[in-house]
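Here is what Swiss-Prot records for this protein:
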type	residues	note
COMPBIAS	203-213	compositional bias 'Polar residues'
DOMAIN	31-148	domain 'Ig-like C2-type'
CARBOHYD	45	N-linked glycosylation site
CARBOHYD	71	N-linked glycosylation site
CARBOHYD	113	N-linked glycosylation site
CARBOHYD	142	N-linked glycosylation site
REGION	199-228	region 'Disordered'
SIGNAL	1-30	signal peptide
TOPO_DOM	31-161	topological domain 'Extracellular'
TOPO_DOM	183-228	topological domain 'Cytoplasmic'
TRANSMEM	162-182	transmembrane segment
């Protein structure tokens, strides 16, 4: 009985965990924040850089709060924050820490874009930039995404020689395989036709031999019609 009871308790715990996961999963999937595919971006000192950020919500949003924050090993601060009333209005900035920052995004037409433009870059701007979003309509559910900005003196040219060599080799191998397959099919087709011709020749030769030897079914066996 003890084993059966333990088995029942284990199944109940697993069932409870599964139900809890199914309950929490929509919450984690409903509000998403993205800063693009690249986790690190590079920009030249003195130039401008667009820090991308978009959000999405399955349940819509009202009075959505957003902010951009900056931090490195020495300091941390909020760069800009604001409110988006709904999907028909643009973001309204409340606080802006630096005049070099401009909100470039728009939330109209379901773009949900709260990207910022950082101008006149300095080497001290190197660090992590986090885009944070909180949606009161989803019981203040929040999410964030971080991108690392590296300010450099000049951008290094990427040497694609190795990549081009690899692509050329792979392309050559694929081309060779295709040629081999086509040649194999051609040889198979020629051999098949050759066998068919040989077979026809043998059948024809066999029929001629039967005719010459007067075998049954040959023309030599035929008799002229009897005259009455």
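Yeah, the Cβs are placed from backbone N, Cα and C, and that goes for glycine too.
Note that this is a predicted model, so its numbers are computed, not measured.
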Inside 10 Å of the Cβ of residue 113 (N-linked glycosylation site), count up the other Cβ atoms and send me the figure.
18
Using DSSP, what is the helix/strand/coil residue split across the topological domain 'Extracellular' (31-161)?
10 helix, 66 strand, 55 coil
If you measure residue 142 (N-linked glycosylation site) to residue 113 (N-linked glycosylation site) at Cα, how many Å is it?
16
Cβ neighbour count within 10 Å of residue 71 (N-linked glycosylation site):
13
Under a criterion of Cβ-Cβ distance under 8 Å and sequence separation of at least 6, what residues of the same chain contact residue 45 (N-linked glycosylation site)?
121, 122, 123, 151, 152, 153
Nearest-integer angstrom distance between the alpha carbons (Cα) of residue 113 (N-linked glycosylation site) and residue 71 (N-linked glycosylation site):
22
